[in-house]
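This report refers to the structure that appears directly beneath it.
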Amino acid sequence: MSQPLLSVNGLMMRFGGLLAVNNVNLELYPQEIVSLIGPNGAGKTTVFNCLTGFYKPTGGTILLRDQHLEGLPGQQIARMGVVRTFQHVRLFREMTVIENLLVAQHQQLKTGLFSGLLKTPSFRRAQSEALDRAATWLERIGLLEHANRQASNLAYGDQRRLEIARCMVTQPEILMLDEPAAGLNPKETKELDELIAELRNHHNTTILLIEHDMKLVMGISDRIYVVNQGTPLANGTPEQIRNNPDVIRAYLGEA
């Protein structure tokens, strides 16, 4: 197997006397779909927050290839190609659909203040590329006809897809999805399943997924990590996890 794209070793996160994440280890290899699951309150989102710079871990290492991420600000981690969605949709609600995708690309535009003020050819070219990229992703998720609609007026499922597209216009290596199927109906969940598979298969994106929809998780994941009360419980293929007695007990509330 190739070198891990992301390696997490001994991750710890303490809030006062509460140990929210306790010695979590995980690896992501290029173009994998890996899920992080566990009962409510298991520490999954806290792990995401550590990986993406929202929290500074109390201990452990996070390596993107050979670059340490622990303690870096979220914006810098995003520029390095690690982006995320959230449990609750976080769009610029007063902006239009396409403006949300253009704003997301602002940090990727390799033009300085001088170029922007003078509208130099390089600035105009970068702006045109950003607009083309935004339109391409809106077409892919079926929202191109709503490009000029205010984001807050979209249906909930459309807002979820827009949030993923907002990540993808930045051309990330790793996309972390925090409960993307929450609140979706069965048809929307199936479309999400297909979209995640396409991101991996056709856009070379590595996916780390937190999700409570076990049908989605078991159907799409290459590997699964399980945490309970902040502590690693198991990891393996979907079949191995499905038949793991410790995992079964945790989900039945016996662990």
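Numbers here mean position along the shown chain, with the first residue as 1.
Keep in mind that glycine also has a Cβ here, set from the backbone N, Cα and C atoms.
Under the DSSP three-state reduction, Gly43 (ATP binding site) is assigned to coil, being neither helix nor strand. Listed in sequence order, Met13, Ala20, Val21, Asn22, Val24, Val227, Gln229, Gly230, Thr231 are the same-chain residues at least 6 apart in sequence whose CB falls under 8 Å from the CB of Gly43 (ATP binding site). Positions annotated as ATP binding site by Swiss-Prot, on the basis of sequence analysis: Gly38, Pro39, Asn40, Gly41, Ala42, Gly43, Lys44, Thr45.
The domain 'ABC transporter' feature in Swiss-Prot is assigned to 6-254.
Over all protein chains present, the Cβ of Gly41 (ATP binding site) has 12 other Cβ atoms lying within 10 Å. Annotation note: Gly38 (ATP binding site) sits in a coil segment as assigned by DSSP. Those same-chain residues not listed among Gly38, Pro39, Asn40, Gly41, Ala42, Gly43, Lys44, Thr45 yet with C-beta within 8 angstroms of the centroid of the ATP site C-beta atoms are Val227, Asn228, Gln229, Gly230.
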